[in-house]
2 protein chains.
Amino acid sequence: MSYTKLELQPLFDKIDELKPAFIERLSKAVAIPSVSGDESLRPKVVDMAHFLVKELTSLGFEDIQVKELGIQPPPVENPKLELPPVVLARLGNDKSKKTVLVYGHYDVQPALKEDGWATDPFTLVHDSVKDILFGRGSTDDKGPVMGWLNVVEAHNELKWELPVNLVCCFEGMEESGSVGLDKLIAQEAEAYFKGVDTVCISDNYWLGTTKPVLTYGLRGCNYYQVSIKGPGADLHSGIFGGIIAEPMTDLIKVLSQLVDGQGRILIPGIAEMIAPLTDKENALYDDIDFSVEELNAASGSKTSLYSEKQDILKHRWRYPSLSVHGIEGAFSGGGAKTVIPSKVIGKFSIRTVPDIESNKLDELVIDFVNKKFAELNSPNVIKAELIHDGAYWVSNPFNDAFTAAAKATEDVWGVKPDFTREGGSIPITVTFEQSLGTDVLLLPMGRGDDGAHSINEKLDVSNYINGCKTLGGYLHYYGRG
Amino acid sequence: MSYTKLELQPLFDKIDELKPAFIERLSKAVAIPSVSGDESLRPKVVDMAHFLVKELTSLGFEDIQVKELGIQPPPVENPKLELPPVVLARLGNDKSKKTVLVYGHYDVQPALKEDGWATDPFTLVHDSVKDILFGRGSTDDKGPVMGWLNVVEAHNELKWELPVNLVCCFEGMEESGSVGLDKLIAQEAEAYFKGVDTVCISDNYWLGTTKPVLTYGLRGCNYYQVSIKGPGADLHSGIFGGIIAEPMTDLIKVLSQLVDGQGRILIPGIAEMIAPLTDKENALYDDIDFSVEELNAASGSKTSLYSEKQDILKHRWRYPSLSVHGIEGAFSGGGAKTVIPSKVIGKFSIRTVPDIESNKLDELVIDFVNKKFAELNSPNVIKAELIHDGAYWVSNPFNDAFTAAAKATEDVWGVKPDFTREGGSIPITVTFEQSLGTDVLLLPMGRGDDGAHSINEKLDVSNYINGCKTLGGYLHYYGRG
């Protein structure tokens, strides 16, 4: 038990004492179906913003601002649809303290009982036998957002000052592409967010179900499409089969040459850009609590390309991958349709890692695709293009923020956290880092099996309550560090 | 001008005289939206059957039977949906005459004004400048069906006896797979259809727009699907990309090896089964009115694999082709979705020709697909299977029925018809041939640009009226032959 932990014990005890109130707060939040992807529920997303304002106000936050982001750009059904606001709030403005920006989102994924939920998704249900809270948003991301409020409430009850100045940035469009947020962050970088020393995002998950983690890296994603256009309209294969060059034949030949069955990308020049694996990084993988069995459980299959934990984690976190997602314009229904599609658009993406240069990657990919198509001597017309990209992110897991979070984690959970990366991207991480010029820490609250975007989303009560303690402890260690 | 034509001149004159009445008859038929593929319009399909019964009755047909086919099997929205009936009718039962069965269908493809029609699809519009009739079903297949009734009306007006016994078989499910018809034909082969000498189907089109044709061959179609299953559910490519074997990668590798960019099927053993091209058959292609420009106009592109007419026609009619139609289960929408589909089902079909043995083909295809998948050493699970097949058909274009139709065509149009085949299948052709043990003649009324399944479907008045003459002339030549 560290020296500091003794000092934090009253905070941890208070958090335990307030557990019923904290569950009640999360319950109120979950009851608001703030689904950003459903236009008809947009008023509920706005209600959720106002709920936050009310909570922040009663907790004593200052300078609470509801930042409107304007009209949602197309595609939308309602051309006048307003984006949900970003809620900003601040607690403390003491120049002698460090300033921590905490980010979370108050919108959620869609959920319908008939999707297969065991309980009403918008009622937080406490399974007291398993001590688990079920409900949409419980873990993604209302639990963590309430977590920051809970930390403040515990301090208020203890009549403790926060050890840092706290700046909150809570958005309502995260599940729908964070539309408008990049611009707002850029605008506020030298205004509301001026003086921020570090950013903490609690919007991801432990790797597994038993060991807490801190996350220091994310892969990026460059998403490409290859359109091949032939006939002026879809044709009947009886009449045209065998006498015209079919776009689908060409597309499949091109797509088949991008990656091999072992997941190796076949486009020359990419492997050379990958940062070499240092001994220090290599050693990190040995301690991590993970196994091929966990991967198999998560994928619901025995389709792993690797059997060793280290290989799996490296290929998830630090090597690029290429997935072919599908084809737009081809027949995609059930049964048999004898169509020759006139224009087909193959979709694939590459997960990017240090030190792949995004523009260089695009050039390699597009050139390769065009070259492979040219080899077919097809009369059809190709267009290969990038349609979306998001940068990878890697932090120093030994910096002040990570060190503080690691101490807090050990105090609360009794184990050192695993330092993990993630295969997916959280674009806002890079945005904060670049716009504010600060470090970012990903400090997850929930477990790997919480089912963030699935039915029966849950948050274990222990994760919720210990998560609050960890967030609070992190602020203290960071504030004093 | 042949001797016989002089005898038929009164019939041809009468048909010209009755033109307004014939257009009126077609107009009434087109006004009934008998869309078999739209369950909500099923009552209209039944109305159309009753319209036919009324017409047939007033024309003096005998033994008119409305054959109910029972409940439509799944997939249907209404589990009690009744199939449209087959309408049977007979005119004449003279043992000294030959008996001709004429088949047509009274259902039509779906059509909505908003699909892009210039006029209401269910109002027959006579463009008097171009002398064209526009409307859904005008050419497919209400024009030809009315054609047979018109021929009888002209005979009645002339107080002529028909030169043959005429048996009508009009169905209402052709555009939706002719469900129930095979069974009915088998049942009636030795009953209502007993004594039928030949079958005439007027449900296809001229190859081009200027020269009448008689059709003596159709390709068959064997339709396959290849399912590849990996993970238990769709996965996120950020988390799983690079560490599991993706079903889409495997499927695309398999599909890419089926056919080359020049349309050559790469599955060994198929080419060896194709009937050799005889000198006699080879010579038939030289006279046919067709060009690569017509193909380009039809495909709306310059994607032809061949520049010579003979090559194009041979590859449309007498060589097999393989088309990849699409993939079920993969991402098929617009935009970017970072999914790893858990189960993908590739769909492809092979157009079959003499002397490909269907079962042998299935074996070659499925073995090849399994072999190519095995070479990938994938942990995923494959299932390759035939999901639908329809036999090819080739007739002797010099038999009595074709000879009679050729004479009638020459009388009416002043040119010898082209003897054509088609790349697509008309499964009912083979059913009639096999169930009744008779020849089948395909005697088209409309032109190649009628747009049977498209917007602005049309039938030129000249094709409608001359078509009636040709049908009538065919009955006379065949009856006397």
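Cβ atoms are placed via backbone N, Cα and C, with glycine included.
Going by what TrEMBL states, the substrate site holds A:Asp203, A:His236, A:Thr338, A:Arg351, A:His453, and the candidate of A:Ser176, A:Ser307, A:Ser378, A:Ser425 recorded there is A:Ser425.
Per TrEMBL, the candidate among A:Glu175, A:Glu188, A:Glu410, A:Glu422 that belongs to the Mn(2+) 1 site alongside A:Asp140, A:His453 is A:Glu175.
TrEMBL lists A:Asp140, A:Asp203 as binding Mn(2+) 2, and of A:His105, A:His126, A:His155 the one it places in that same site is A:His105. Checking the binding-site residues A:His105, A:Thr338, A:Arg351, A:Ser425 against chain B with a Cβ-Cβ cut-off of under 8 Å leaves A:Thr338, A:Arg351, A:Ser425. Put simply, A:Glu175 is the one of the binding-site residues A:His105, A:Asp140, A:Glu175, A:His453 whose Cα lies nearest to the Cα of A:Ser425 (substrate binding site).
Nearest to A:His236 (substrate binding site) in space, judged by Cα atoms and limited to the recorded positions A:Asp107, A:Glu174, A:Glu175, A:Asp203, is A:Glu175. Other than A:His105, A:Asp140, A:Asp203, the residues of this chain whose Cβ falls within 8 Å of the Cβ centroid of the Mn(2+) 2 site are, in sequence order, A:Gly104, A:Asp141, A:Pro144, A:Val145, A:Glu174, A:Glu175, A:Ala452. In terms of C-alpha distance, the listed recorded positions A:Asp107, A:Asp140, A:Asp203, A:Thr338, A:His453 place A:Asp107 closest to A:Glu174 (active site, proton acceptor). A:His453 (Mn(2+) 1 binding site) has its Cα within 10 Å of the Cα of these recorded positions: A:Asp140, taken from A:His105, A:Asp107, A:Asp140, A:Thr338, A:Arg351.
Mean model confidence for the domain 'Peptidase M20 dimerisation' (A:225-375) is a pLDDT of 95. Neighbour counts were taken at the CB atom with a 10 A radius for the binding-site residues A:His236, A:Arg351; the maximum falls on A:Arg351. The Mn(2+) 1 site is set by A:Asp140, A:Glu175, A:His453; from the centre of their CB atoms, other residues of the chain with a CB within 8 Å are A:Val108, A:Gln109, A:Asp141, A:Glu174, A:Ala452, A:Glu457. The Cβ of A:Asp203 (Mn(2+) 2 binding site) lies under 8 Å from the Cβ of A:Tyr103, A:Gly104, A:His105, A:Asp140, A:Asp141, A:Pro144, A:Glu174, A:Ile426, A:Leu442, A:Pro444, each of which sits 6+ residues away along the same chain. The Cβ of A:Glu174 (active site, proton acceptor) has 25 neighbouring Cβ atoms from other residues within 10 Å, across all protein chains displayed.
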